[in-house]
Amino acid sequence: MQQQGNAISESQLEALVAACVKAAEFSYSPYSGYRVGAALLTDSPEPVIIPGCNVENCTYPDGCCAEKTAIVKAVSEGHRRFLALAVTIAIQGDDHPRMCGSCRQVVAEFCGDQFPIYLVRYKDRDCQLVRLGDYLPAAFRPSILAQDRSAAD
């Protein structure tokens, strides 16, 4: 497994990749056939991997992306700090997956610009490391809302 950079340990990365690949197997995607898996590593005394998959709905906009599923699941279990995210799409193509803009913004709610995101090519588990700040420059963050409120006073 090729890792670009050293955001997390090799063993953590291997476990994260395995979890996102497994999560893609649980995808509910009867309409698109686009099986996406994500895995989020918590920043806790004993880090936990939280998996998520995409869940489609016959009213198309009401589906949920894998990345959002993992984050919502983690937050609902009391986690608010994260070390890394891995994402894969169960296809055999040569490209690494890409996250939609909405998922990037959800990650930005909890993570800073240096947060590592591993884009995992499904066919060979090759990882492309991107940093959230490069992937979503000028993100809208909670701190902006605080600034807007103070400016109104």
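Cβ coordinates come from backbone N, Cα and C, glycine included.
With C100, C103 listed by TrEMBL as binding Zn(2+), the candidate from C58, C64, C65 annotated for that site turns out to be C65. In this structure, V55 (substrate binding site) is part of a beta strand by DSSP. For the pair Y60 (substrate binding site) and C100 (Zn(2+) binding site), the C-alpha distance works out to 15 angstrom.
In this structure, the CA atom of C100 (Zn(2+) binding site) is 12 Å away from the CA atom of N54 (substrate binding site). When the CA atoms are compared, the recorded positions lying within 10 A of C103 (Zn(2+) binding site) are E67, out of the candidates E56, N57, C58, E67.
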